[in-house]
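The structure appears below as C-alpha cells.
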Amino acid sequence: MGNNVVVLGTQWGDEGKGKIVDLLTERAKYVVRYQGGHNAGHTLVINGEKTVLHLIPSGILRENVTSIIGNGVVLSPAALMKEMKELEDRGIPVRERLLLSEACPLILDYHVALDNAREKARGAKAIGTTGRGIGPAYEDKVARRGLRVGDLFDKETFAEKLKEVMEYHNFQLVNYYKAEAVDYQKVLDDTMAVADILTSMVVDVSDLLDQARQRGDFVMFEGAQGTLLDIDHGTYPYVTSSNTTAGGVATGSGLGPRYVDYVLGILKAYSTRVGAGPFPTELFDETGEFLCKQGNEFGATTGRRRRTGWLDTVAVRRAVQLNSLSGFCLTKLDVLDGLKEVKLCVAYRMPDGREVATTPLAADDWKGVEPIYETMPGWSESTFGVKDRSGLPQAALNYIKRIEELTGVPIDIISTGPDRTETMILRDPFDA
C-alpha cells in the first residue's frame, strides 16, 4: 500500500494533473505542493463547474483534506490572497484547510518587474516565462537574499531586509534595464497588510509529514509544470526555475526521500508545449490545428495557445528514468477521436544521420533532431466519457498497449474527459 503518492507531469506541463490530484484526494488526508509558484494553472471541473487554481493545492475543494504549500514553492502574497478570496466567495473555508511552510520564499513586486524587464531585453531570444516573478524569486533564494514567509513574524526586521534587497534590485532595474524603480513603501505596506494572515497558517511541514507517515495517513504530493521543464534535467535554458521531477518532493516538502511509495506520471495522449524551446514532434499542419482545437489547448495561466504534436515516447522515457515512475495516468485520449491514423515518436534521427533512443540534454543539442514515427490506425468512435476499458475502441486499446511497451510503465489510470467522474482507475496508487 502506498501512503505517500506523487503526481507529476511527464511532458512540458499541461498534462491534466489538477483533475487527477483532485480525484485521488478523495482518499487523502493531505495534499502538498512542493515546487513552482503561481505560474502553474490547474483546472478542475466538478459537476460541470470549472475552477482554476494557480498556487493553492487542488485538494482545497475537499472538506476533509488539508492542503499544504511546501518550502519548495515560491509564494506570491498577492496571488495567494486573490485565490483565497475567489474560493472564499464560493463558500470554501480556505483558512481552515490551508497550511504554509515558513521557508517559502516570497515573490514581491520587484521580482515581477525584473522578470518582465529581462524578457523584454532578450527580445527574440525570450524564454517565454509567465512574467510572474518566479525565476527572480528562486534566484534570490539561492543567493540567500530572499525574504521568506517566516520573516513576516518580525515585521521590523522584515522592513530592514526588504529595504536592502530592493536597493539592490532597483539599481539593476534602473541602471541596466532602463526600467522604472519599484516603490519600497508600497511593497512594504502591501506585504504588511497580509502578514498576519500568512503567519497564521504557518506550520512545520517536515514534522507534520513525518507524523502523518507514522500514523499511516494518505498524502498526495502535487507537482506543477512537467518533467521536461525541470531546471536541471529539462531542455535548458527553456525550462522553469524549480525541480519538477520526483526528487523535488523531498527537497521541496521535507519528506524523507525513502518514504515516497508511488510516483504517478501524468501523460497526455499527444504532446503540447507553451513558449519557446525544443519540440521535435511539433505539428504545423491541419492535425496540429485539430489537436489544439479539440484539446482546447490554451494555457490556464497565460491564455497562450499551446504548441501541439504527436506523443514523443523518447522524451517520455527520459521522464520514466528521472522520476522512477510507478505508473501512468493517460489523459485526453478523447482528443484523438476521429483521426484516421495516430503516430508515436519512437526514436530521433540526429543531423549526422544517427538514430538515438534518448533525449539530448541541452537545448542547442536538439537542433536538427527529426522524429522517427511509428504509425498506427486511428479510431472513429468516441472515447469521451467512457468509464470502462471494455468501452474503448480496439484501436485505442492498441495505442495504449503500445505506449506501455515503449515506455515500460503500466497505464494505471485513463482519463476520458475533464470531469472527475470521466476516469477509469485500473490500479489505485494508494493500493499499489
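The backbone N, Cα and C atoms fix where each Cβ goes, and this holds for glycine too.
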Record-annotated IMP site (Swiss-Prot): member among T51, T157, T235, T240 besides D14, E15, G16, K17, N39, A40, G41, H42, T130, R144, Q225, R304: T240
L333 (GTP binding site) in three-state DSSP notation: helix
Annotated IMP contacts D14, E15, G16, K17, N39, A40, G41, H42, T130, R144, Q225, T240, R304, maximal Cα-Cα distance (Å, integer): 34
Secondary structure of T416 (GTP binding site) (DSSP, helix/strand/coil): coil
DSSP-derived structure type at K19 (GTP binding site), helix or strand or else coil: helix
